[in-house]
Each structure stands twice: as C-alpha cells, then as structure tokens.
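Q: Can you keep this structure in mind? I'll have questions shortly.
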Amino acid sequence: MRFISTRGLAQPLSFSDAVATGLAPDGGLFLPEKLPDLSAQWPPMAGLGYAQLCHEFMRHFATDIPEETLRRLVGKAYQGFDHAETAPLVALDARTYVLELFHGPTLAFKDFAMQLLGNLYEHQCAQRGESINVLGATSGDTGAAAIHALLGKPGTAIFILYPDGRVSPLQERQMTCTGADNVFALAIDGSFDDAQAALKTIFGDTAFRLKNRLSAVNSINLARVLAQCVYYLYAWLRLPQEARANAEFVVPTGNFGNVLAGWLLQRMGVPIPAFKVATNQNDILYRLFTTGEYRVADVQPSLAPSMDIQVASNFERFLYYQLGGDAARVRAVMATCAKDGVYRFDKFEHSTFSASRCSDAEIPGIIAHVRRRYGYLVDPHTACAFKDLSPEKVSVVLATASPAKFPETIREAIGAEPKHPRLEALRKRPIHKHKLPASVEAITRFVEAHAV
Ligand SMILES: *Cc1c(COP(=O)(O)O)cnc(C)c1O
C-alpha cells in the first residue's frame, strides 16, 4: 500500500517512508491511497486480544514491514499498559459505556499511538543503520507520551521543549523523572508559543535538520491516526449486538486526530453509526459542526488543557474526503483558512457527526455529577464528553486521561484527590531538566552537543 498527500503534490510513499517523513513535503498530510474494505473481516475478529487485533488491522497498511516483525513491534507497544484488556470497555448503565484509554505509561490516550510509533522508529533505525533525534515542543501530554515512547531505545534521542513553570507539576515529573539518558527535557524560559516558534525555525534549517537526523513528533503522523483506529474497533467488537445499531462514540476533541481515526474506521466498512465531537471552551470544531463555518479564534487556557487548540491540524484529512479527494480543492480551502482564518462549507455531513461544547465553569460540576450518578470518576477532558449525552442513543464515551493526572480539578469537584501508583512513584524520583533561554542558538547548540 502507498500513501498520498492530501495536497496532491508530493510523491506517494511506502508506509515506513510516510511515517519517517511526518508532514508531506507539499505541506499536506499522508493518507492511504485506498482504504481497505474490512466489512467482511471485522466480525470474525471478535475474539482477538488488543495487540493481535492491532496487528490484524495494521498489516493492511504497513505492507513494507514483514508480518512477523510487525507482530513483534505491535506486541511490544502494548506491553507497558497496566490493564489486561489494554482498552477496557466499562458499562456504566445499559445506555452508557466508557472506553478507558488511560492505562498506558503516561495515563493518557496518546500512548496508544506513541508507543507504536516509538517501536516503528526503533525498527527503522536498526534497518537503516541510522540514528534519529526527535525534537518537539509540548504544553503537556504529547511531550510526556513521546518521551515514554522512546526512552531507552537504542539509536534514538528525544528533546522536548516545554515552558518552564507552565506545565503541571505531574506533567513535568512525567517528562523529567525518567532516568533515561536519551531523554532531554528542555525547560524553556518563555511560553509554549516561544518554544514552538524556535522549533519552527530549527526545522526550517534544512542543513541542520539533515545533519542531525531530526524528526518531529506531532499529531499529524500517519501512524498515530492508524494506531488510534484500533481501539474503536476493539470497543465496537465488545459492544453488545443490540447496542451497536444505536451507538454513538463521544470523543473529547482538540486536534481532531482521535475522532478522525474512528471515522476512518467507519469508512473502511465498520458500521459505527455516529460520532460526537466534544470540545471544551475552545470550540472551533463545535461551531464547525453546528454551523458549517470554520473560524479560527484565540485559545483560552482551560481545565482540559490538551484540548486547547486553535487550529485542528488533522481536520485536513477529513476535508480531503469531504471534497471528494480533490487535492486542488484541499489546497484552495487550506489557503483560504490560512489567509482569512475562516471558511464556510456549503454542504456538510451531518448524519454521522454531532457536537457538544463544555465551558470551564461546567467541568467540576460534571465530574461531581458523573461520580454521583454512576460512581465513576472522570478527568476534566472526559468530563467535557459527558456534557449533554443523547437520551436516545447508546453513548460510548472515550476516557482520554486518568483523573489522577488532574488532582486540583478533581479536588475542586469532589473534595478528594485520586492517586495513581505510577504518579506516586514519580514523586520520589529526582528531576532532570535542562534550563535554556528560548533562543534558537541555545537550543541548536544543546541538540548538537547531545544528538546521537
Ligand atoms: C490530546 C488529548 C485530547 C485531544 O485529542 P485530539 O486527537 O487532539 O482531538 C483529549 N484528551 C486528552 C487527555 C489528550 O491528551
């Protein structure tokens, strides 16, 4: 299978090359040239464990990796999860299910894709006899997930920039207490935007990028989206037969990567009837799905910080299909969005998607309500998804983070703080961080000195 760019001006690539490349050279995002038809294949997969299911799914795409190698890489990716079912589907009542996606090393759903991506990178390094240096900026979850995907992996080093003093203390510990000598947590004297601006300049310097074999971690990598399809399939197979026809997957949404994966699975022939895009107060996607207008606004920091986005980067993949695979039109729409910050769709697929929006003021109340009603504790991101659950449908809510990652908000909601052994263990470990000014020179000097 080959992978094409949404903007149509880049050479189609193999799976491994598309994964290594990340963003397509024409500025677009990679998609499978043709989606496989799984409509006859998914029903017999019901008995498979998570890693087996992932292998059965990924082998349709990773056709340039030998079967046994892929099986091994996938198996390793989910070993570090601390629940036997990897992604357990919990029934709160006959109409309400929770798909728990927080049993990975950093207790958030990004581990599902990042752990696999880390193993794919390691395999590529070994295959090509080349090292790889991953460089990224984070305001929280992504950096921690990326670090835990690469820590201790031979032939790799990872550098994560974050704004010093502006990520939560637990998130900082997840990045700085690993003890791994290929992990560099760079605490920048500046904001997340400063870190990101520096990163952009560094990646723009092609000579530096090639010399140091730099690779980016971001939510647009093809492997991340595909790896995320698997837990939708896993949940679908576990949902009682009679619930399926009326099911709606409710997804806490920021960059649109998570819910896009579910929607792609539907296009591959798994008959999931509906998805709900649940945003926090940064509601660009809520507005899009309720009015047809995509209008960029300023980010308002919220209690669900991993959904604080301004531009939903994965949206371009959805757009590609909405525009009938017409790459020239994708280019035109993306140019309009970049220039005017707004685009109006004349027709939009409303049968599959609905949307909800949750303000910061509502989050603690929802956490308390879910706790009272179901005896179940949700984190602030998952709480956004519990806003306005449909009374007619069977809701499958994706729980994207463990409540233990957000002790302050949980305390405000229920008067007590949840604990998690993985996070408690971190409190006892020493912090290793490197303080740097937010200057391109300081960062490039550091990376050159420590690159593998
Ligand atoms: C990243 C993240 C989200 C948003 O996911 P997208 O793929 O960006 O839509 C939601 N919840 C948590 C906890 C996250 O870390």
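Cβ from N, Cα, C; glycine included.
On a predicted model such as this, the values are computed, not experimentally measured, just so you know.
Sequence annotations record features per position, and here TrEMBL assigns domain 'Threonine synthase N-terminal' to 2-78. Under the heading domain 'Tryptophan synthase beta chain-like PALP', TrEMBL lists 97-331. Look at TrEMBL and you will find Lys110 tagged as N6-(pyridoxal phosphate)lysine.
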Q: Which number gives the other C-beta atoms within 10 angstroms of the C-beta of the residue listed as 'N6-(pyridoxal phosphate)lysine', all protein chains shown included?
A: 30
Q: Return the average pLDDT for the domain 'Tryptophan synthase beta chain-like PALP' (97-331) as a whole number.
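A: In the predicted model, the domain 'Tryptophan synthase beta chain-like PALP' (97-331) has a mean pLDDT of 93.
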Q: Looking only at the domain 'Threonine synthase N-terminal' (2-78), how are its residues distributed among DSSP helix, strand and coil?
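A: Per-class counts: 32 helix, 7 strand, 38 coil.
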